[in-house]
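What follows is a short report on a single structure.
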Amino acid sequence: MLEFRTQGFNGYSVKYSPFFDSRIAVAASANFGLVGNGRLYILGLTPNGIVAEKWFDTQDSLFDTAWSESHESQLLTASGDGSLKLFDIALPPDSPSFPIAQWTEHAREVFSCAWNLVSKDSFLSSSWDGCVKIYRPEMQQSVLTLPTHSCTYSAQWSPHSPGILSAVSSDSHLRVFDLRTPASASNHLTLKMPIHAPPKAMPGQPPPRGVPPAEALTHDWNKYRDSIIATAGVDRVIRTFDIRAPHQGPLCQLVGHEYAVRKVAWSPHLADVLLSASYDMTARVWSDGGAMGIDGGGGVGMGKEMGRMGRHTEFVTGVDWCLFGAEGWCASCGWDERLLVWDVRGTMGS
Amino acid sequence: MSYQAQQRLSQVGSHLGKGGKQALLEKHPDDIVITCALRTPITRGGKGPFKDTAGADLLHGAFAGLLERSHIDPSLVEDIAVGCVLAPGGGATEFRAAALAAGFPASTAVKSLNRQCSSGLAACVDIANAIKTGMIEVGIGAGVESMSTQYGPQAVTEFSELLEEHEEAANCKVPMGQLSEQMAQDKHVSRKDQDAFAARSFQKAERAQEQGLFDEEIYPLKARYEDPKTEEWKEVLVRADDGVRKGMTAESLSKIRPAFAKDGSIHAGNASQVSDGAAAVLLMTRAKAEQLGQQVLGKFVQASVVGVPPLLMGIGPWKAIPVALEKAGITKEDVDIYEINEAFASQCLWCVRELGLDESKVNPKGGAIAFGHPLGCTGARQVSTLLYELRRRKQRIGVTSMCVGTGMGMAAVWIAE
């Protein structure tokens, strides 16, 4: 396990570069993100361990970061002051460390940002102000604002289609927007499903119990099964849904975290594996049992925890998979001011 | 610390809490909401102004009140469930007729159901569940009882030999006063404590009446009755519960003779009164309420039903309340008001103590000891009593519960808005 200390800054988000297997970005904030500065670290994995290649300081806390999919040296940050900032790490070392572009449109803290994975020409942000916004790097204003009317902790692009994005928010709902639909009063909202709805009753079994709504903090699209989304949040349960069958309830419920789940990320290599980070100070590896059929139909309710990494000593806030090389390397960050790089295979079967 | 930092801190805090209370208070389009809840006054069985009014007529009054106050288009109401214990045949025929007479069209379905003293709550929960599953969109949970006209031995069918020979089965017909007397002795609830509890119920109800705290929930109803002294028929507009005796103290209650055993502790003053009354609750999803422009009083969250031994039927709330709270994901401290039916001071007090509830949160406007327990009505009556009091105090979370004859308990969690 490799380690880097983000001294004085508590980690909020970690992202592997989509271009280099040795580059990792960490968005971190002083004073646990409550008040004070933020810092974006660009870390390199070297034979001598992890080194900070560069960092950018920001006025307000940073809650998320996303690498540009079209430009290998650029990346975004989501900030507590409502701004999105685009930084370029290729600028000469003596140039001032200012962002090359900035969008200040959100009225409250921005909690997530993501770059379009298919068209690669746009990115989005989601905020406490109840909006998801879509931007193009070359334009100074956002191109679209999608209201969710609820503090939106996480928004993501579909990795399968350039015009589809999703969001989860504190109202316990998963929303899917399809930008191909005509502009109308529905603001491209094509699906809104309650995350807390019980699974569909199975014949011969007692009907599943309803649960109260709970704030949803994170979600991710499966990279292989194009209609499968995993969500998680304050109720500690990770659920997978098939957006083709919104009334069916969750396909699978992964129960085990002892406090709220802050981040989930599907494996870029395996269709059934996902990683989670939680306030319970662990990062866990799960299988939703969906490996049997890539179509996403199989393995209802058959999920299980496969491994657990308990080396963080504070809330784990971010996890990300390495896109390259062997299928198990990942990075996690947390409020213990540490970035850990580890292999999930080392946590399994022990 | 700056305001912003404080907000961020409380946000992280809300992620760490059990999430129950915070999440419960949020509004969602699929919430089951109450847009109108009311009851008739409750009057004394055999003596009060409703003594000559049929149960179905009381129900008719509650229906008419609901339509008047909510302004809902009656044709939108798809189903009505009415809890009633004593009416022959469950009252199914006359309740359907009462709905038609009150202005509901033929397309509005009506049923009656009987889960003893929790029938009114069972009716509300039944409608809430029907809305939740999508079977209906708008419905009414109601309850009614005319104990003046229908209370008596004919309400229970004779037990067969088969049932008589089974010990626990035969216990189902032990009279409630008798078994409660035994339970009070076994669980060491003294007469003094019971009388003190009962006196508080009277005092709280008296104060609530004086301050007009029942005004919002009561729908005044005209009644024709025969004055027993003059044998003259009179018509009056009944505005208030007539069972609330003024100036009751534990001292004055201590003089009443025990009703079920010579050395017993239960008497007419520390048990629920025999009464007449009706109540109704209008339920729908929040999305529907917003579409119709209905004012939302509160929402239904979760209910529980449990069984207990027939001879210990009084402990029902003690078993049912934690189940409902757990399902709702909250703790007993999160609840602002408990409406626990006072079938007997002994059982209610025992449940409150055993659950460790703050007594000041229990029945703040008094209970069945003070103003009566029209069996089928009570569960639906508690909804309006609870929601209006929560709203008045600007509090949010309430629980209604009651013990159920033959050994059951029900409880439900409600949120006022």
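Note that Cβ sites are derived from N, Cα and C of the backbone, with glycine treated the same way.
Listed features, source TrEMBL:
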ACT_SITE  B:Cys117  active site, acyl-thioester intermediate
ACT_SITE  B:His373  active site, proton acceptor
ACT_SITE  B:Cys403  active site, proton acceptor
DOMAIN    B:32-286  domain 'Thiolase N-terminal'
DOMAIN    B:295-413  domain 'Thiolase C-terminal'
TRANSMEM  B:397-416  transmembrane segment
Alpha-carbon distance [the residue listed as 'active site, acyl-thioester intermediate'; B:His373 (active site, proton acceptor)] in Å: 8
Chain-internal residues near B:Cys403 (active site, proton acceptor), provided their CB is under 8 angstroms and they sit 6+ positions away: B:Cys117, B:Met313, B:Gly314, B:Ile315, B:Gly316, B:Pro317, B:Asn341, B:Ala343, B:Gln347, B:Cys351, B:Gly409
B:His373 (active site, proton acceptor), number of other Cβ atoms within 10 Å: 27
The residue listed as 'active site, acyl-thioester intermediate', number of other Cβ atoms within 10 Å: 33
